[in-house]
Amino acid sequence: MEKALYLTSCFHHTSARHLGTPTSTDPSTIPYRILTSLHFINTNTRTFVLNSIRKKKVKKRLFDFDRRSVLLATMAGNEGTTLNSDIRSGKMIFEPILEEGVFRFDCSADDKNVAFPSISFEKPKVRDTPIIDVGKLPNYVPTFECVMGQQTVNIEFPPNTSFYGTGEVSGQLERTGKRIFTWNTDAWGYGPGTTSLYQSHPWILVVLPNGEALGVLADTTKRCEIDLRKESNIKLISPSSYPVIIFGPFASPTDVLASFSRAVGTIFMPPKWSLGYHQCRWSYDSDARVREIARTFREKDIPCDVIWMDIDYMDGFRCFTFDQERFSDPKSLVEDLHQNGFKAIWMLDPGIKKEDGYFVYDSGSEKDIWIQTADGKPFVGEVWPGPCVFPDYTQSKARSWWANLVKDFISSGVDGIWNDMNEPAVFKTVTKTMPESNIHRGDAELGGYQKHSHYHNVYGMLMARSTYEGMKLGNEEKRPFVLTRAGFVGSQRYAATWTGDNLSTWEHLHMSISMVVQLGLSGQPLSGPDIGGFAGNATPKLFGRWMGVGSMFPFCRGHSETDTIDHEPWSFGEECEEVCRIALRRRYRLLPHIYTLFYMAHTRGIPVATPTFFADPEDLELRTHENSFMLGSLLIYASTGKDEELYQTKHKLPKGIWLSFDFEDSHPDIPAMYLKGGSIIPAGPLYQNVGEANPTDSLLLLVALDEQGKAEGCLFEDDGDGYGYTKGQYLLTTYVAERQSSVVVVKVLKAEGSWKRPNRRLHVKLLLGKCAVIEAWGTDGELLQISMPSESKVSDLVSDSEKKLRIRIESSKHIPDSDNVSGHKGTELSGTPIEMKSGDWVLKVVPWIGGRIISMEHLPSGTQWLHSRVDVNGYEEYSGVEYRSPGCSEEYSVIERDIEQAGEEELVKLEGDIGGGLVIERKINISKDNPKVFQIDSAIVARKVGAGSGGFSRLVCLRVHPMFNLLHPTESYVSFTAIDGTKHEVWPESGEEIFEGSRLPNGEWMLVDKCLGMGLVNRFNIREVYKCLVHWGTGTVNLELWSESRPVSKDNPIKISHQYELRSEK
């Protein structure tokens, strides 16, 4: 009998159950492109389906090809093999573009013709124009397969190749074993296994075993799967047709990123004040509160340059308005902030309230610039103001309209603008965004008239571009500063970014280093996390440690969510406040170095923050090191674990000379600093804000000699704002140092720019290691000689300094570890979840709040299935039919924890008192006999039910309530066969459904993700389960199991036993 064909449509808004005639002129919407992935049982089925699908003729956009293109196609050796009319495969054709060592690959000449214009390239024609007289051939030629409108690209590399980049991604630094999907998503509370965050960068930095590197760009705006699960192999899957650009191999990763930046553009030159510390909260709800925050920073002598205004400054969340009671005079507020050395940044979201009489809505409607539904009407979606319409930034007239609104807006004294919610995020929908069938009437150079599925990933970038251009219109003498949550390759040309709505956990502190570095390796050097975590309450130790690391990130901002405790630097006690003060003072002293790095990033595409292995790309061990990073030649070594002590562990350093130093401010909660031998970095005096600096202030040079006794470094100086530097109004100084016998000579090697060197004092610290230095003073621009003491004297200096450093560390006031929870028998309740790792699963359990499971990661697939934070959601259990009835928030005791052997079997038994003499017992077990499955056995048990009640408790119901994360909401559904034999598919549009009686699943139901080709199977005992409930939320689904409702006694508890397993559907 013919076996069933399973169809998936991971990359198109229309699923296999909604096949129909396309209504737009988008050439990508022909029927055979709707089915984006096939799972075949046998060849006969495959042939039948391929031959039965009608193909619709489309008019292709043709481009001229010169003879060079044909020659290069021949050089590639194979334009592809046609298996039948719908399947092609082979090696990709190629041509050199941009510069030597950069190649564009396409599946065929026809595919090259129909590829959409590049939005990632700063100059799109560069991607489409081959260069001539290039004799070099590519080292790596991808292979492709095109099936039913899906283009799959494979690139093989040598063993021990390492992967990085992929943009804004959580989890590990080295990406082997990971799979992500580029689909900009409002990912509040994301975890290490989340596969789609706020930005999309279909870009991989490849580091070969010998330290050489290359970059791979899938130049498509559509949803793209980047599959790195197979060692030393890249697989890219996205709708046809898109080119792949390979940069290199080049001698080093830095060379690859410099070449990449010449294609996609470099970071805008940030105003210097934007590199200071930023203080933010959702929300400082009045101008009085903003003034109080500013005043407290100055009173406490904590450096800060910027205060941010979240959405509550607006009148009813209407963009470009101010609340007339709480922010009645924004100009006066900004003037006060400016007088005290602060800048002001204000939020603007894309959702415009649909309200007649609101000037923004009226003017946008008049110009007809809203995104439309498939039937040509303005799309209306719910966001903060209520029903909203959304500007179509793919149209030049919409970008101009927005830019002029921004131009008028900054007349109120706005120094910078924050673009949030621009994935775009939409409330009350399972996808968290607008329908992919919505229509953009885009400019021809961007791709023209297309569905939202084509422009979704670049929506935030185009909004940031419009905002940036509006700020330039408003004041051409100032550099714009824009922060965007959503982005794409090339967003750095217009905006900085941050790592989104993270959590106040140690895990997120640790991840923040890798996330910032990955963005830098993807072309976006100006980024940072919400220091302290956005969601949840930080503890003093967590906040202080995070500020220590965060103060060294390129973008440095503290931010926290509404309804959390205060998260300002002084909010966690004196010890934490002092750590924050030290950390931020250190940042301000290093601003001359950081600003110089940004000039290099802006002009040359060199990253600001890089992984430590950049100092020695051949060191395979360093390639996975996540506790340190580099700012140029400055290495920052941090402690990101709650129980890790920085000075009690050995620091893994690259080969060569690395000299530790400080500003006599070392502290156990602040990272250690090392300077690479052969380097000179500039530093300055201490300021409270960047505006206090003066060119005549003394200049400090930190010098670390290499094995040859030499060192070199740069300092860039200009006005710190404006565009004078583009006209030569700057000073770029290269300093050198060289040991000549017993003297070290420090001098200016060369200088660029028209600025005259300031008359200032020069202070040089020659680093010896262990924070020991030899100091000398002179005049900047003049030769300075430093007499070197004897080797024995140097040894004594280092020894004495090491003793002082140890005393300084030991005498430091440690931040109290105040987040301990009172312990119970057999458990660790220190605020750190219990981790169960065995077989295919890693689970994290929080005993002290509901005994909940907050993480459920499947190791072979790298997928995270639970949507949770520590205090809510995830896997919960209730003792009644009411939502969040007792059981989900009580403190549980850990009765037993058995680890038979790490990696083989794990068992945890919990018990929580739910009142009335009742407890919930829960056993979680991953068996070595069946490591693909984990089992949960739960029960409501009567412990102390009084005799007056007849030994029976109140009426209870055991309600199992897991909240699962939907990685691909529109392509996920629940499937099961009921007791009566009927088959069911429950899709998100159903909202909520209850199944009981004969419609109850017959002991098993499955959450299917068609994009992943996987299903999460939940098996249960139908004698124990009386009702199953499916509830679809925003990007989530609950699959609940309910027991019967009845009293319990000691001899008659209520039980539910069930298990989870991930099953491949491919």
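Keep in mind that glycine also has a Cβ here, set from the backbone N, Cα and C atoms.
Lifted from TrEMBL, the feature list:
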- 150-227: domain 'Glycoside hydrolase family 31 N-terminal' (DOMAIN)
- 268-597: domain 'Glycoside hydrolase family 31 TIM barrel' (DOMAIN)
- 605-681: domain 'Glycosyl hydrolase family 31 C-terminal' (DOMAIN)
- 699-767: domain 'DUF5110' (DOMAIN)
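Comparison of 150-227, 605-681, 699-767 by number of C-beta pairs under 8 angstroms to the domain 'Glycoside hydrolase family 31 TIM barrel' (268-597) places 150-227 first. Mean pLDDT of the predicted structure over the domain 'Glycoside hydrolase family 31 N-terminal' (150-227): 95. The helix, strand and coil residue counts that DSSP assigns across the domain 'DUF5110' (699-767) are 4 helix, 41 strand, 24 coil. Counting residues per DSSP class in helix, strand and coil order gives 10 helix, 23 strand, 44 coil for the domain 'Glycosyl hydrolase family 31 C-terminal' (605-681).
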